[in-house]
Each structure stands twice: as C-alpha cells, then as structure tokens.
Amino acid sequence: MVKFADESKIRVSSGKGGNGCIAFRREKYVPMGGPSGGDGGRGGDLIFEIRRNMRTLVHLRHKRVYKAKNGGGGEGSQRFGKKGDDCIIPLPPGCVIKDPETGKTILDFGDAEEGRFVFLKGGNGGWGNCHFKTSTNQAPKTALPGQEGETREIIVELNIIADIGLVGFPNAGKSSLLDYFTNARPKIAPYPFTTKIPNLGVLRVDEERDVIIADIPGILEGASEGIGLGIRFLKHIARSAGLAFLIDLSDDNYLRAYDILCKELESYSKELAQKKRIIIATKLDLPDTKERFTELKNAIPDQEILGISLYNEWGLEEVKKAFIRLADEMQKTKPQKESLDPYGQNKNFMTAELDDVSYEEKNDDEHFGATVSLSRKRKPKK
C-alpha cells in the first residue's frame, strides 16, 4: 500500500551549555596572577528549515530523535568554550508543530516557503572563575555549570499549500484534470480510489504567476465518519484559496453529489465548507449528459457551473480561466501576515541607541588588550 508521510512524532532537544573553567594565570615573575577561567560555550539551537523543494515528511520516519550539540567547556587564559553545533531539521512548506498531549498548535509556519526558525534555544555557557574575583577573594575556586538545553516531544504535521483544491467522488475525473493542466502525472485508471495520496500540480499562467492545484483521494458519503480515504487528506486543501467540486454526469446520483460533498466538508471543517468554489461537471461527451448538465444548473442556480469533456477537450479553457480568476481573487483579499518570530527572539533582547563608543588600547611587552566603553542615549523626559 502506498503511504503518504504527512505526520510524524519526534523528540527534539537543544544543546547544553559548556561548563565554566577554574584556572589561574601562571607566568614567570607573576606569582599571583589571579583567576583566568573562561566561560563555557552556548549549546546549539534546534532549528527548523523550510525548503520549498520538499513535499513530504518521509525523512522523519527514519529518525525520531534530534539533538543539537553541547557547548564546549571554558579554558584557561579566559578562553571561551566552543558554541555547540545547531541541529537543523528540514521541513516542507505548510508544516504545523503540535503538542502530542493536548493537540494544540505550538508553531504554524503558515505560507512560508523558505527560511530558518529557532524552535529551542541552546543553554547558556557557565561562568568561569574570573567572574567571582572580589576584593576579599582574589583566587576564587568557583565556576558555574552550563545551562541545560530544552527537550520536547512534538508532532510535525504537513498541510499542503495549494491555490485550488479538487473535491469529488472517486472516478469523477480529478486526476485527469490535474494531468491535463499541469506536469503532474497521477495514476489514472477506470476504477475507484486510483488516487491514494494527495497530488500537486502547477498550472503555469505566465512568467510571474503559477496556480498550484491539489488533487486528493475521492470522498464518499459518510467520509466524516471514517468511510473511504478522502477525509484524512481534507486538511491538505484546508489552506487552498478555493475549491473545485467535480461532479460526474455519468453517475446516477449526480444531482445529490454536490449536497453530499458539502455536507462532508462541513462535518470536517466549517471554515473549509465556506471557501469560494466553482462546480465542474465532467464527462460531457457521454450519452444523456448534456440533459443532465442542464438539470444540474437548474438545481444549483446560485453557483458557477462549468461543463467539460477531457476526452474531447471541451470547456477546458473556461475552467483554466476560472482557476486563475479564483486564485487571483483570493490573493487580493489575503491579509498581510507579520513576519514569523516563533521563539519571540525580538522580545527577549533590549535594544539601545549608542551615543558614544570609545576604546583604549594597552600594548606592552607581555600584554595586549582593549577597554571598550559604551554610553547609551537617554530618552528625553516628557
């Protein structure tokens, strides 16, 4: 059986910070050099990287535990430890991170097609003993251990991002329509449930525009109660700009088909059921279908209904224009999203405008260094 990897449970951890060092300066003619232990390095971060060329989560099936490297320990002469290597997990666009216990969404990447996002920060490195020198303790033998990293179990869920989602009963012609308009080559055969996994195709409009079309397995009556394959994959068209309902005119239940599909979508998600749509009546080349097409338009007068025949290539240009129009309409009404800041990095740091930056160099036979001083601009009192 063909399996589509659209969900995976994994354990992720950031790295532990390196331990601070206890060391003392030991040089000739410097009998009491004082502490010189450096700080530990920061642990590596756990990072998700969105890659536009990925389509499934199959790579997460083979490995379930991901951990960033720990930071290196501090060393003498106030040398800091090495920062731990980050752990980067590649993901396809449209992923959502969920809590396995509550099912709540922790992080939604939205429509991002590329970029890196820190999910777990590495632990801070521990202080070396040079931080603990005081007027009464000139040779401290104290250092701090590195901060522990974070560990979480999460569910990574993939929701395919498409402009148009194709919805219909098995053998309604969804895969054939996808094959005609795009370079996708889904399996096409004259028996139900030929499509077992979602398929994506790209309808090329011009040099700057594409329309992404998603084909999911056929939906049966009672799908919301677990019958058939299609209901499991409805989440993959939940983010689509609009829906195309395909109704087979050669099926005797063609008049009930639209109502059944609407009912199953509403049972799954009211938001999905309210999306803009067009109705495509297929197999218009078969006997008695032209009369049925007229009856269908009379039965659903408030919806746009287009008739097509893939065999004779009737009405396909009108369907193409309808897909482009629907995608363009939703793009214009799409709200502008703020840039994703999943870990709140921008809120954890204080920013300041600097009024003056100065430094003083010290360079003699044994030492080289610099003292840097920063002065902050003060806000005027109101």
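If you go along the chain as it appears here, the first residue is 1 and each next one adds 1.
Here the Cβ of each residue, glycine as well, is placed from N, Cα and C on the backbone.
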> So which range, 61-83, 360-382, gets flagged region 'Disordered' in Swiss-Prot?
Replying inline: 360-382
> If one looks at the chain holding Ser309 (GTP binding site), which residues at least 6 apart in sequence have a CB under 8 angstroms from its CB?
Replying inline: Thr282, Lys283, Leu284, Asp285, Gly315
>> Among all protein chains shown, how many Cβ atoms are found within 10 Å of the Cβ of Ser175 (Mg(2+) binding site), not counting that one?
In response: 23
> Taking the Cβ of Gly168 (GTP binding site) as reference, which residues of that chain separated by at least 6 in sequence fall under 8 Å from it?
Replying inline: Lys174, Gly218, Ile219, Phe245, Leu246, Ile247, Asp248, Ala257, Leu261
